[in-house]
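Structure, as structure tokens:
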Amino acid sequence: MSIGMILLIGVTVLIFMGLAERVLDRLRLNDKAAIIIILAIILSTIFIPNIDLTERVSINIGGFVIPLALAIYLFIKAETGKEKLRAVIAAVVAGTVIYLVQRFVLPADPEAQRIDPNYVYAILGGLTAYILGRSRRAAFIAGIVGVIISDLIQLVLNIINNIPSPTRFGGAGGVDTTVIAGILAVVIAEIIGETREKLQGGTAKKKMHFEKGHFASSLGQDESKNQDKGQNKDDDRIGGDDGDEK
């Protein structure tokens, strides 16, 4: 069993144990949706072969279609244009870094490579995605899309140079690369984000509540509650005065 599949199973266990709820909330996913997506990736990877689009291009449902659809969904759910821009920039840079390392750094001979290059690409993609994406959502999007962009760059160069080498989006280890890059990016973002919140939050967080994946100010709510209490007291007084008149 590949590392990518092991990671997906591990994430599923964490979800069932209730340990991933906070992260999923920030990704705008609930437990049920996350488990369905993970099962879809695992089952489609095992039972559905690559789909040939042309003689040179093929796609994998579990390693390309489902992760890309998830990334698009998360991109649409991003609350600000700034976060969307960071996700796009991080994805492009991550894809470029992966391609450059593949082209100029790693040995061309597979036998000379001491580690599976797909894992190298995944780690590079995940790290770059977090550094530029910063937020959990943007990092996760960039980690997934960055891997896809690296394959797209290779496809374009193959066409320009008339190289008949096939490009398999999400296939031939692509599932591992995509899964590891996305999970690694969001894990780094979560660890560093939690650390920063604990160090910088302090007493400021006491006046805030967690809502829809973000900290939101509770000052307005407190003022509203105080106003409601004051209004109730006034009503009680009025009711008491009416009773005395009667």
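Backbone N, Cα and C atoms are what each Cβ position is placed from, and that goes for glycine too.
What TrEMBL annotates here:
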COMPBIAS  222-246  compositional bias 'Basic and acidic residues'
REGION    216-246  region 'Disordered'
TRANSMEM  6-24  transmembrane segment
TRANSMEM  33-51  transmembrane segment
TRANSMEM  57-76  transmembrane segment
TRANSMEM  88-106  transmembrane segment
TRANSMEM  118-133  transmembrane segment
TRANSMEM  140-160  transmembrane segment
TRANSMEM  172-192  transmembrane segment
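Counted over residue pairs separated by six or more positions, the transmembrane segment (6-24) shares fewer than 3 Cβ pairs under 8 angstroms with the transmembrane segment (118-133), which leaves the two as not touching. Sequence-distant residue pairs (6 or more apart) of the transmembrane segment (140-160) and the transmembrane segment (33-51) include fewer than 3 whose Cβ atoms are under 8 Å, leaving the two stretches without contact.
Pairs of Cβ atoms less than 8 Å apart link the transmembrane segment (57-76) most often to 172-192, out of 88-106, 118-133, 172-192.
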